[in-house]
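Some notes on the structure that comes next.
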Amino acid sequence: MERPLCSHLCSCLAVLALLSPLSLAQYDSWPHYPEYFQQPAPEYHQPQAPANVAKIQLRLAGQKRKHSEGRVEVYYDGQWGTVCDDDFSIHAAHVVCRELGYVEAKSWTASSSYGKGEGPIWLDNLHCTGNEATLAACTSNGWGVTDCKHTEDVGVVCSDKRIPGFKFDNSLINQIENLNIQVEDIRIRAILSTYRKRTPVTEGYVEVKEGKTWKQICDKHWTAKNSRVICGMFGFPGERTYNAKVYKMFASRRKQRYWPFSMDCTGTEAHISSCKLGPQVSLDPMKNVTCENGLPAVVSCVPGQVFSPDGPSRFRKAYKPEQPLVRLRGGAYIGEGRVEVLKNGEWGTVCDDKWDLVSASVVCRELGFGSAKEAVTGSRLGQGIGPIHLNEIQCTGNEKSIIDCKFNTESQGCNHEEDAGVRCNTPAMGLQKKLRLNGGRNPYEGRVEVLVERNGSLVWGMVCGQNWGIVEAMVVCRQLGLGFASNAFQETWYWHGDVNSNKVVMSGVKCSGTELSLAHCRHDGEDVACPQGGVQYGAGVACSETAPDLVLNAEMVQQTTYLEDRPMFMLQCAMEENCLSASAAQTNPTTGYRRLLRFSSQIHNNGQSDFRPKNGRHAWIWHDCHRHYHSMEVFTHYDLLNLNGTKVAEGHKASFCLEDTECEGDIQKNYECANFGDQGITMGCWDMYRHDIDCQWVDITDVPPGDYLFQVVINPNFEVAESDYSNNIMKCRSRYDGHRIWMYNCHIGGSFSEETEKKFGHFSGLLNNQLSPQ
């Protein structure tokens, strides 16, 4: 860039779910690799604990943000207690997680990060190798021998993946009151032909997996609250009644395999691992008593609007939030993002103090999704802008909206580094199976191949790379569960895909960016046309779990705007780079001048990765006037519009150099324009285009006095992927009297409600991209 010289019973045992092929269509974990990359899980052989080791039970409790994490609690000698963090290690965490049925531990936490427990501290100075069958087999000071307090209670974060074939040890079930449910996996199995043909599956038997066997749950103690929890896990906001007579008739024809326990949920749980194990069920086949003469439990779930069958296309082709009070921003997937709430006409964020699964589930259900998979903290889904409306939210789980929960309106001590987010359970649509990447160096990149029907058969083929861009790539990465797109490729000759998939089967793809799948984008259908050919010009993508997010400082634009009448003889460099209006060519070069609307722009990267230019160094352009390279031809548009949305003047900045001008806190600068330096904007840093550098203006010499709208758009052509494009527009009202100009009500697009926007006198966006004749 050009620069001037200068409660313990309700706590849960974490569980679920490495999915078997049968249940994969019912419940999608996050994140996940495409099926073609997944390897079959090895058969699990649960180690046996030595005979002289005490029998214990474990659970994960406390203020959890995922069902697979929490404070470690141990049931021993008739009492639940905790574990001290002294000498605790990742090896001990592995033992805890595997004893609970998870593949491994991701990390562990000290100093009661999930809240202080109650009861005895059973284990202190715990030493494990990581191979023990039970935590009781690790060495320690002895049971209850400790000098710790509950401020030192240890917690663990387990992998979401379950051990295949894992079977929970229920040997202490008769000794422990209100034991949490432990199953390897759970699914909704469609029984009636009507529902077997539907996607997603919304009704059927509730089945749990024990070892390698799927079993039904007896409905003798089944309640609507249980159904609500199950529906929430599978991505549905609520449950409904069903035709019991049909299922009774169906059950009488088949022999059932029942799980020997019942469930006891309150209806507010985000996951069944938070529900209690209900009474045992009599299953004595010798006495002709099966499920106490009951039937298999059935659930019928209500899909949210996004996933409801709707018209001939069956599903809405693009997702647009319609909830007026809550929205999600910055997520890679539908049902994921930073939580923003509308208050007094302005959108603001939520502080993550006390943010948990219960509160996150209220948000998810409010937006038409299921319960929450994760309550995201620490602005891990990007930082928001504007006010922080809510803090210390505490929901019971029964609320219809997050604004019905108890909360603190004071946000002292909070900043946007603590913005809360959610990852919601969404219905499994099976869309991932209709797309794959081939030939890449890793599962996050490759040639795009789609599964289509041709002449009654399903065939894999390529997508034409003509006019393929980052927006289309974003849809592909989302559909595959691989996050955001980092690059879109129109040529993939260097990636050798499946030779049986070398035929182009999809062309003319044009996406808005919000579609659930590539098939929902506009395309040519069966009339495929790819003039450049197939194998060489097949579309490709590279995906990434994170993305940048650029936001302009609207206040700075408003504060730094002014007019300058600049002589033509001082604008020679600007003339060479076409930074002036067309009429400048007729202006006398010695006595003439141009009236320039000047301002400073400060562009922040609030995302989770660095913003890098689309082109590599080999494609950068040297600008002799400025003595450095420009890496992006189009990075920002500056436009002056009349009140009906027609452009009357525009900035003509030819190209841009990107660098870190300043950074937050102790973040290091990584990019600079000088000395052919690497270019970009580091996350947590900003690039400053000062008002006094060349071409940082709009030439308004030919604009008459009047009321106007000033608009700045960052990354207008979507050349670089971002986690949120909705905040790339800044709008201001302006008044020009022929001598002075005023800027007011400058703000980022989407910061206010539609009603408030109307009060500002703004329109939805640029209506005509051509300059109107003067």
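Quick reminder: no glycine exception, Cβ is built from N, Cα and C everywhere.
Annotation source Swiss-Prot lists signal peptide at 1-25.
Per Swiss-Prot, the feature domain 'SRCR 1' maps to 58-159; the stated evidence is sequence analysis.
Here Swiss-Prot flags C84-C148 (among others) as disulfide bond. C148 (disulfide bond) carries neither a helix nor a strand DSSP state and counts as coil. Cβ neighbours of C148 (disulfide bond) (same chain, under 8 Å, six or more residues apart in sequence): C84, D85, D86, I121, D124.
According to Swiss-Prot, the feature disulfide bond maps to C97-C158 (among others), an assignment based on sequence analysis. DSSP assigns C158 (disulfide bond) to a strand in the three-state reduction. Every protein chain considered, the tally of other Cβ atoms within 10 Å of the Cβ of C158 (disulfide bond) stands at 28.
Annotation comment: Swiss-Prot describes 188-302 as domain 'SRCR 2', evidence class sequence analysis.
In three-state terms derived from DSSP, C218 (disulfide bond) belongs to an extended strand segment. According to Swiss-Prot, the feature disulfide bond maps to C218-C291 (among others).
Counting every protein chain shown, the Cβ of C275 (disulfide bond) has 22 other Cβ atoms within 10 Å. Residues or ranges marked as disulfide bond in Swiss-Prot (evidence: sequence analysis): C265-C275 (among others).
Summarising the annotation, Swiss-Prot assigns N-linked glycosylation site to N288 (among others) and lists sequence analysis as the type of evidence.
Residues or ranges marked as domain 'SRCR 3' by Swiss-Prot on the basis of sequence analysis: 326-425. Helix first, then strand, then coil: DSSP counts for the domain 'SRCR 3' (326-425) stand at 16 helix, 39 strand, 45 coil.
Annotated disulfide bond per Swiss-Prot: C364-C424 (among others), in sequence order, evidence recorded as sequence analysis. Its Cβ placed at the centre, C364 (disulfide bond) has 32 other Cβ atoms within 10 Å.
The disulfide bond annotation in Swiss-Prot covers C395-C405 (among others). Annotation for C395 (disulfide bond): same-chain Cβ neighbours under 8 Å, separated by at least 6 residues, are V358, S359, S361, V362, I402, C405, K406.
Positions annotated as domain 'SRCR 4' by Swiss-Prot, on the basis of sequence analysis: 435-544.
Under the DSSP three-state reduction, N455 (N-linked glycosylation site) is assigned to coil, being neither helix nor strand. Positions annotated as N-linked glycosylation site by Swiss-Prot: N455 (among others).
The feature disulfide bond is assigned by Swiss-Prot to C464-C530 (among others). Secondary structure from DSSP puts C464 (disulfide bond) in a beta strand.
Swiss-Prot lists C477-C543 (among others) with the feature disulfide bond, giving sequence analysis as the kind of evidence. Cβ neighbours of C477 (disulfide bond) (same chain, under 8 Å, six or more residues apart in sequence): A332, G483, F484, A485, V541, C543, S544.
Residues or ranges marked as region 'Lysyl-oxidase like' by Swiss-Prot: 548-751.
Ranked by Cβ neighbours within 10 A across all protein chains shown, the binding-site residues E722, D724 are led by E722. When the disulfide-bonded residues C97, C405, C464, C673 are compared by the number of other C-beta atoms lying within 10 angstroms of their own C-beta, C405 comes out lowest. The Cβ of C530 (disulfide bond) lies under 8 Å from the Cβ of C464, G465, Q466, V504, S507, Y537, each of these being in the same chain and 6 or more residues away along the sequence.
For the domain 'SRCR 4' (435-544), the model gives a mean pLDDT of 91. In sequence order, I603, H604, N605, N606, G607, F611, I681, I714, N715, E722, N728 constitute the residues six or more apart from L550 (Ca(2+) binding site) in its chain with CB-CB distances below 8 Å. Between the CA atoms of Y689 (2',4',5'-topaquinone) and H630 (Cu cation binding site) there is a gap of 14 Å. Considering only the recorded positions N455, N644, N727, the Cβ with the fewest other Cβ atoms within 10 Å is that of N455. Within 8 Å of the centroid of the Cβ atoms of D549, L550, E722, D724, N727, N728, where the record puts Ca(2+), the same chain has further Cβ atoms from P548, V551, N606, G607, I714, N715, S723, Y725, S726.
Residues near C424 (disulfide bond) in space but far in sequence (CB under 8 A, at least 6 apart, same chain), listed by position: G235, G335, E336, A360, V363, C364, L367, F369, G370, S371, A372, K373. Most buried of the disulfide-bonded residues C84, C573, judged by other Cβ atoms within 10 Å, is C84.
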